[in-house]
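S.K.: Quick one: structure below, then a few questions.
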Amino acid sequence: MADPADRADRKQEQLDRRRVSPEGAALTTDQGIRVDDTDNSLSAGERGPSLMEDFQLREKITHFDHERIPERVVHARGAGAYGHFTLHESLADYTTAEFLTDTSLTTPVFVRFSTVAGSRGSADTVRDVRGFATKFYTRQGNFDLVGNNMPVFFIQDGIKFPDFVHAVKPEPPNEIPQASSAHDTLWDFVQLQPETMHMMMWLMSDRALPRSFAMMQGFGVHTFRLVNERGAGTFVKFHWKPKLGTHSLAWDETQKIAGKDPDFNRRDLWDRINDGDFPEYEFGVQLVPEEDEHRFGFDLLDATKIIPEEEVPVRPVGTLVLDRNPDNFFAETEQVAFHLGNVVPGIDFTNDPLLQARLFSYLDTQLIRLGGPNFPQIPVNRPVAEVRNHHRDGYHQMDLHQGQASYHKNSLSGGCPAVGGAGSFSHYQERVDGRKIRKRSESFADHYSQATLFWNSMADWEKEHIVGAFRFELGKCDHKHIREGVVAHLNHVDHDLAVQVAKGVGVAPPEAPATANHGRSSPALSQANSPAESVQGRKVAILAADGVDSAAVTAVGDALTEAGAVCDVLAAEDGFVQAANGGQVEVTRAMPTVASVLYDAVFVPGGEESVRTLAQDGDAVHFVAEAFVHCKAVGALDAGIGLLERAGITGVRFADGDVVSDAGVVTGEGASAEFPRRLVEAVAAHRHWTRAKAHVPA
Ligand code: HDD
């Protein structure tokens, strides 16, 4: 019979005891005294001075004055959710961690997604790495998997982290630019630190522009160690794979969204969970026996390297589902404190020097951010496992420790809490031998070949996006020697890449490769190979005006909704539009309040009058053209096709015989089951990137 801690709601029950609702309650001071007036301060006469004795005024203002805490030095902007983790396949041969061995357990979790460089109020859709940090509230204590959506990192040794972060953050004289790597200091760091090259390929790729947190992979990055009952170790890399596939936004789109809806990813996560469309990820492990430590052409301790999935397959063993939004952003998402050192028995570290530095940094940062050593008692951080130790006092101590003895060993509390026993953490007994030196291992010296592997693995459209990103970012650098330095490194990655980037940023293209391309690739790295068969949670805009064919709105809208998409009817004004058949169609949003960049696809139903009106409405024409330029599915029925023509999408031919690509453009005449089916398919494909060089202005 499973222990109550097996239940995912165990954490929620614990949180219930701290939840405070205003419903039916009277307004009080912090001391619980009911307040008769919170709008007027106490004064000597109606126009007289405020009185010192006004404890309500002082308490209210004082609390307000102290509302802010320091934002995270990195990953300041984030969004969080609760969920649960279930295990399908036991890893008992490799680890003693219960949540990875007992398939009957359901482990509650809290996940925080984040961007890295921007401040707390920065936009979600900037080009950046995304944090993917998971706190597993296991029966054996908290395990934190503090990963990113990219499997490698910028640097190999944590002692470089402050340098790297100073370089990527806004520049010191003027705090410009916000949440952007497109500036001189970052690229200066890069050109002088070639170990960044692999990660820079990821950062310049579409991985840095996720469509949704639910469409993003996660990686533990470092090689960790699993330890089994016999004390034997196995190297492990942790992976999250989203059920909906890994998909990205278009670069131009991300920049527009940053203005139209800076909360785009955060809102998407919130709405999905509220709508019951729960983000789901497969948990997988790459396992490497200890005796194979040196069988790769790179060092497992080097966090700038992946183990290609083709060499060591990712073994799927569990599922993570995010199914509950927090009650209070500050209390939960802001105060959650992750720490790489939070491991449970059966999971241990390796000598990766990046990992080792992190083991210091996370605990240290929480002390300043959360104001003292008792932050593990904050509800979101509190384990579901019992906590008993001799830690005492400190700011914000919430627990009432009973008993006379706060030391070990003691005879006054019966020797308790007891040390050791079944389920205790015991460190992996790695033999360590060596001189104290400051020197990077030779096995960390190859900075290019996995950057090349990444480049070689990309589809043509992914390569185009990478070149565009390098051109944009380096093009923003004022110093030519920095642009030249980066191009020189790119010439070690791939000559063609270096030449294309050089041309865009006014640098002399290198004449010959600095290193020959090894020609190897890893198909698992390309987003072109990620599943794209679901419209779950996709947002589709249906454009309408008076005279719209309401039957088409219903038929196509129903088909999309049934398949899991969310459809909004947009018109120039909110309210209703009159349908051609005399009925009414409810408008979800007025077009000026939204934009095509907030949708995954657009559908224009028929109805002569409706389409004539839309064709004269700049917002509607732009909406369709922009959706097309961003390679989204565009559908039109009957007269609706006219709006596509008006936007320059269909029927355009050029003197040289070139035609605007119609991939993902779905048109049809009359009502049929065929059209909605084709449109659903086009939306599910996510984007029609091969359309890239659209000759349509938007
Ligand atoms: Fe870090 C936060 C991920 C290297 C120091 N990091 C932070 C968060 C994530 C990561 C997801 C946000 C957690 C949250 O949502 O609260 N960091 C990584 C990954 C790294 C990495 C995947 C490389 C593999 N980090 C790294 C190094 C250091 C830090 C090398 C320092 C030596 N990271 C921090 C930090 C932060 C942090 C300063 C800021 C806020 C916090 O910890 O709680 O301690």
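Quick reminder: no glycine exception, Cβ is built from N, Cα and C everywhere.
Quick caveat, the model's predicted, so the values are computed rather than measured.
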S.K.: According to TrEMBL, region 'Disordered' applies to one of these ranges: 383-407, 408-432, 508-532. Which one is it?
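M.R.: The listed stretch tagged region 'Disordered' in TrEMBL is 508-532.
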S.K.: Pick the one from Arg34, Arg112, Arg315, Arg324 that TrEMBL also lists for the heme site with Arg72, Phe161, Arg358, Tyr362, Arg369.
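M.R.: Looking through Arg34, Arg112, Arg315, Arg324, the residue TrEMBL assigns to the heme site is Arg112.
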S.K.: If you count Cβ atoms within 10 Å of the Cβ of Arg72 (heme binding site), leaving out that atom itself, what do you get?
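M.R.: By my count, 21.
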S.K.: Compute the C-alpha separation of Arg369 (heme binding site) from His75 (active site), stating it in Å without decimals.
M.R.: 13
S.K.: Taking Arg72, Arg112, Phe161, Arg358, Tyr362, Arg369 as the record's heme-binding set, what's the max Cα pairwise distance in Å, rounded to a whole number?
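M.R.: Pairwise Cα check on Arg72, Arg112, Phe161, Arg358, Tyr362, Arg369 gives a maximum of 21 Å.
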S.K.: Expressed to the nearest Å, what is the distance separating Phe161 (heme binding site) and Asn148 (active site) at their Cα atoms?
M.R.: 15
